[in-house]
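Beneath this line is the structure, given in structure tokens, with notes to follow.
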Amino acid sequence: MMDFLEEPIPGVGTYDDFNTIDWVREKSRDRDRHREITNKSKESTWALIHSVSDAFSGWLLMLLIGLLSGSLAGLIDISAHWMTDLKEGICKGGFWFNHEHCCWNSDHVTFEDRDKCPEWNSWSQLIISTDEGAFAYIVNYFMYVLWALLFAFLAVSLVKVFAPYACGSGIPEIKTILSGFIIRGYLGKWTLIIKTITLVLAVSSGLSLGKEGPLVHVACCCGNILCHCFNKYRKNEAKRREVLSAAAAAGVSVAFGAPIGGVLFSLEEVSYYFPLKTLWRSFFAALVAAFTLRSINPFGNSRLVLFYVEFHTPWHLFELVPFILLGIFGGLWGALFIRTNIAWCRKRKTTQLGKYPVIEVLIVTAITAILAFPNEYTRMSTSELISELFNDCGLLDSSKLCDYENRFNTSKGSDLPDRPAGLGVYTAMWQLALTLILKIVITIFTFGMKIPSGLFIPSMAVGAIAGRLLGVGMEQLAYYHHDWAIFNSWCSQGADCITPGLYAMVGAAACLGGVTRMTVSLVVIMFELTGGLEYIVPLMAAAMTSKWVADALGREGIYDAHIRLNGYPFLEAKEEFAHKTLAMDVMKPRRNDPLLTVLTQDSMTVEDVETIINETTYSGFPVVVSRESQRLVGFVLRRDLIISIENARKKQDGIVSTSIIYFTEHSPPMPPYTPPTLKLRNILDLSPFTVTDLTPMEIVVDIFRKLGLRQCLVTHNGRLLGIITKKDVLKHIAQMANQDPDSILFN
């Protein structure tokens with residue numbers, strides 16, 4: 001008898017699409033591989049060099065991921081800035097210049113009118129040679145809407161035709177993939193190319209979405225593609241997920257210019273398995289990515305982001321009250337957004353609406369563009385809007401938000417005292433109020449469409465607007481009523497007491513926290529993003545309050561809600577299982593069900609096994625001594641069985657349907673003229689995880705979470721009774737929470 005499995009067979013040990021990996025098996029295989037390399041390294045110099053290169057390959061991979069992620073992020077930033085300005089006009093000196101760069105090169109620009117220069121032409125100037133009057137306004141309006149529709153149409157068409165996985169944020173799917181799920185093509189080269197192109201188009205169209213979430217997806221695509229250059233990561237799914245955790249950190253690093261925040265985001269929000277080694281490598285990848293982006297300098301201000309703040313005015317203890325109010329607002333907005341957005345996405349999935357993604361995108365884009373153009377705060381890109389809201393008014397600011405009376409009546413350096421609001425500030429306030437309403441409503445319908453769409457920037461914009469409105473209100477209150485008890489101890493007349501830009505920062509953090517339920521990583525991202533190190537306590541207070549309020553109204557963040565909506569098998573590590581059920585209540589088969597499908601170790605033919613494979617859809621089968629004893633021997637995966645039998649038929653002489661399959665160490669002598677036997681012990685898992693039928697489900701759930709199991713066998717006095725899969729556990733959790741157990745679609 002031949003044991004043809006002494007040589008590894010291509011495909012054995014791999015997984016089908018939409019299946020969960022076996023973490024225990026993958027980690028065991030990696031330990032065996034590492035042990036073999038270490039032992040061989042003592043035998044020769046070449047083996048020692050191979051051992052060193054194997055140890056170094058992880059760091060080299062992180063370097064490449066950081067360089068590629070940083071370069072793509074710089075390209076996306078520069079392209080999106082140029083295409084956003086293209087909706088309003090074009091530079092005669094060179095069409096490749098955006099508005100800001102076009103006027104930098106001009107010799108005819110004054111400081112007061114630094115946004116106006118003869119080199120930059122609006123579309124009305126190009127088409128009808130004038131920028132004045134109602135007709136010019138209509139021409140500019142029409143061109144703005146037309147460009148927005150063109151960009152959105154290109155984005156949704158490219159996604160639909162070339163890479164359907166390039167839509168959305170990508171973070172819910174990345175969380176699921178990092179938990180061990182396989183979605184083939186989700187992190188492939190086509191997804192990377194199309195996501196990069198369509199992300200620029202989607203952001204430039206003026207829709208209420210951001211590029212920050214999709215940049216995490218882009219970075220993970222880079223990580224997955226580069227893994228194929230290294231055997232160590234290409235052949236081991238668990239090792240590849242360590243790389244993807246680091247790539248997610250690099251993605252947030254370039255999205256916000258926050259390397260430390262990126263590492264914490266990966267640890268807190270997306271990673272399922274995060275050993276100490278991955279922490280160091282994530283830190284290195286985030287560092288390289290941030291350095292690469294800084295070298296490209298996409299914003300021309302030597303900063304990694306647009307939102308850097310220059311003010312360092314101290315805040316007072318009393319201001320924690322409005323900061324906490326902003327936290328409450330952020331929590332309420334987060335809970336409202338999640339409920340309404342999930343309801344709309346469910347409607348999209350279950351009705352005819354989901355069959356027409358192009359029409360849906362064009363309708364939402366048209367509504368957004370038509371409502372956005374008349375208001376300068378909705379017309380500008382969301383990143384620029386947040387930058388303006390974070391900004392504190394200085395002597396040289398020409399924004400409407402800085403149109404105060406007695407503007408230059410200051411006695412102490414660049415810190416301007418609180419002043420009465422002028423007409424421009426009041427105009428800006430009602431324009432911002434309208435912007436807030438539009439952003440709150442339109443983001444619900446935008447997030448989840450079939451284009452790349454991040455949620456970080458729209459959420460921050462909602463919070464920043466609310467914060468700025470509250471900040472200006474507090475500033476005016478302090479100016480007109482500085483003798484009130486709440487102000488007189490710390491705010492004298494003519495002092496710079498309230499900083500409205502700080503309120504915008506705190507509001508942005510509160511709303512982002514309410515939607516995503518991030519806490520530690522959120523605060524670190526916010527102070528890296530803005531450089532406002534003095535404002536950690538206000539940011540912490542707002543982030544924590546928003547999380548408490550949002551959790552009181554609904555336990556799930558937006559990403560977990562979308563995971564549940566899509567039916568992915570994600571076992572949330574943060575939630576406790578508190579029900580008193582037992583393993584026998586969850587296992588299959590239940591009472592009155594057909595018996596469990598098993599294979600015997602030495603009495604089944606190839607035909608018997610192929611019949612079982614064809615008649616069932618199970619991912620694997622327990623192997624027992626005999627059907628009578630039901631004593632457990634091991635567990636074999638369906639995919640490995642199929643590949644091994646096919647391979648044996650091709651390569652091993654005499655294997656026919658009547659050949660007996662053996663899962664034992666030694667096979668008994670066979671009578672002459674019988675077909676050769678097939679030995680498949682090498683594909684048998686001899687140490688499957690087992691629990692007894694009386695094990696509490698809270699322990700079983702914990703085992704599935706901690707070890708990342710696919711399935712667990714249930715025994716009674718050593719006899720096999722049934723099996724519990726990850727899907728069974730998730731369905732049971734859903735049932736106990738009064739949710740639909742059939743919403744779990746995959747195993």
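Note that Cβ sites are derived from N, Cα and C of the backbone, with glycine treated the same way.
Per TrEMBL, the feature transmembrane segment maps to 56-76 (among others).
Tertiary proximity for the transmembrane segment (134-156) is limited to same-chain residues at least six positions away from its ends with a CB under 8 Å from its CB atoms, namely 83, 86-88, 122-125, 127-128, 198, 201-202, 204-207, 357-358, 361-362, 365-366, 368-370, 373, 379, 449-452. Look at TrEMBL and you will find 134-156 (among others) tagged as transmembrane segment.
If you look at the transmembrane segment (190-209), the same-chain residues 6 or more away from its ends with a CB under 8 A from one of its CBs are 72, 75-76, 79-80, 83-84, 86-87, 144, 148-149, 151-152, 154-156, 158-159, 162-163, 165-166, 170, 215, 217-218, 221-222, 225, 364-365, 368-369, 372, 379, 381-382, 438-439, 442-443, 446-447, 451-455, 457-458, 461. Sequence annotations record features per position, and here TrEMBL assigns transmembrane segment to 190-209 (among others).
For the transmembrane segment (243-267), same-chain residues at least 6 beyond its ends with a Cβ under 8 Å from one of its own Cβ atoms are 58, 61-62, 65-66, 69-70, 73-74, 174, 177-178, 187, 211-213, 215-220, 222-224, 226-227, 233, 273-274, 278-279, 281-290, 292-294, 303-305, 456, 518, 520-521, 524-526, 528-529. The transmembrane segment annotation in TrEMBL covers 243-267 (among others).
The feature transmembrane segment is assigned by TrEMBL to 317-338 (among others).
According to TrEMBL, the feature transmembrane segment maps to 358-375 (among others).
What TrEMBL records for 428-448 (among others) is transmembrane segment.
Residues or ranges marked as transmembrane segment in TrEMBL: 455-474 (among others).
The annotation transmembrane segment is assigned in TrEMBL to 502-527 (among others). Residues of the same chain lying 6 or more positions beyond the ends of the transmembrane segment (502-527) and with a Cβ under 8 Å from any Cβ of it are 252, 256, 258, 260-262, 264-265, 267-269, 309, 311, 313, 315, 322-323, 326-327, 329-335, 337-338, 386, 389-390, 392, 455-456, 459-468, 470-471, 474, 533, 535-536, 538-540, 542-547, 549-551, 556-559.
Marked as domain 'CBS' by TrEMBL: 587-651 (among others).
Residues or ranges marked as domain 'CBS' in TrEMBL: 683-743 (among others).
Listed by sequence, the residues of this chain that lie at least six past the ends of the transmembrane segment (56-76) yet keep a Cβ under 8 A from its Cβ atoms are 196, 199-200, 203, 211, 215, 218-219, 222-223, 226-227, 229-230, 232-233, 243, 246-247, 250-251, 253-255, 277, 281, 284-293, 295-296, 298. According to DSSP, the domain 'CBS' (683-743) comprises 26 helix, 18 strand, 17 coil.
Sequence-distant neighbours of the transmembrane segment (428-448) (same chain, 6+ residues past either end, Cβ-Cβ under 8 Å): 168-169, 207-209, 333, 337, 340-341, 344-345, 348, 364, 367-368, 371-372, 375-378, 385, 399-401, 403, 421, 455, 458-459, 461-462, 465-466, 468-469, 472, 558, 562.
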